[in-house]
């Protein structure tokens with residue numbers, strides 16, 4: 001049984017995994033949490049932890065909207081409380097995924113993640129009552145939206161401790177309004193027990209191109225799903241036929257860890273070779289400068305700075321500019 005002295009969010013995660021029959025994972029959680037939140041590995045972690053801990057006690061009465069473009073929590077804050085909250089939330093910058101509106105504080109994130117959700121959501125099997133895994137889920141924006149769409153249990157796994165504390169900050173505002181259905185574990189997919197076959201839907205959005213072994217990643221995703229479960233895959237692609245795969249040099253759009261960019265047709269073939277059925281390309285389009293940009297909450301360089309200033313169809317390195325595709329596939333029964 002979980003230690004009752006754990007922070008509420010961690011205790012809720014233990015309880016949820018037990019409730020969903022994932023006791024094998026529960027045994028691994030203490031070590032995974034200790035590793036993912038290791039102060040020796042992450043020098044800024046104490047500052048993020050302190051910022052979340054200093055958020056003030058909030059009024060019980062609140063209106064929480066997890067199904068709106070901006071994940072929103074409306075509650076009555078004094079001017080002093082709102083100023084304190086905003087200062088603490090800014091200590092967790094940069095905020096990359098969102099947007100959020102928390103107690104009247106609008107967090108205008110680098111990515112308009114709501115636009116991605118609008119492209120993805122119409123093509124999903126209904127999430128009502130489903131168990132969902134969100135691999136590389138950032139600070140949890142899409143996880144909240146999944147619960148807003150009716151998911152019974154959402155587990156976000158992402159190895160970034162900054163994202164973990166951004167999620168916990170949002171959790172502070174949401175409170176228990178989601179019925180403790182949304183959870184975050186600061187680990188990568190490698191920490192998911194092998195052959196788990198526990199989730200009805202698994203998302204991997206913005207992860208595949210960071211993987212030096214993309215087929216291994218697809219098979220890891222497959223093994224998280226129950227028979228008949230659904231995979232939602234979003235990644236960078238290039239234009240071309242079923243044999244087109246591009247591997248950039250040291251950097252792509254200034255990112256150092258980008259490996260394989262297939263065409264959407266090649267990616268569909270990869271999914272089929274990895275044992276998926278009913279593979280569909282449901283969306284494909286260039287990433288727009290309006291969707292990814294610098295803001296007051298993410299003040300560093302963004303997409304506009306990574307493109308050729310003379311030709312926005314090319315990256316700084318001369319490669320095709322970012323283009324993303326969404327594919328949906330099913331694991332056989």
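Each Cβ is built from the backbone N, Cα and C atoms, and glycine gets one as well.
Per Swiss-Prot, the candidate among 136, 228, 229 that belongs to the carboxy-S-adenosyl-L-methionine site alongside 97, 111, 116, 158, 159, 160, 189, 190, 205, 209, 324 is 136. Among the binding-site residues 158, 190, the residue whose Cβ has the fewest other Cβ atoms within 10 Å is 190. Comparing local CB density within 10 A for the binding-site residues 97, 116, the maximum falls on 97.
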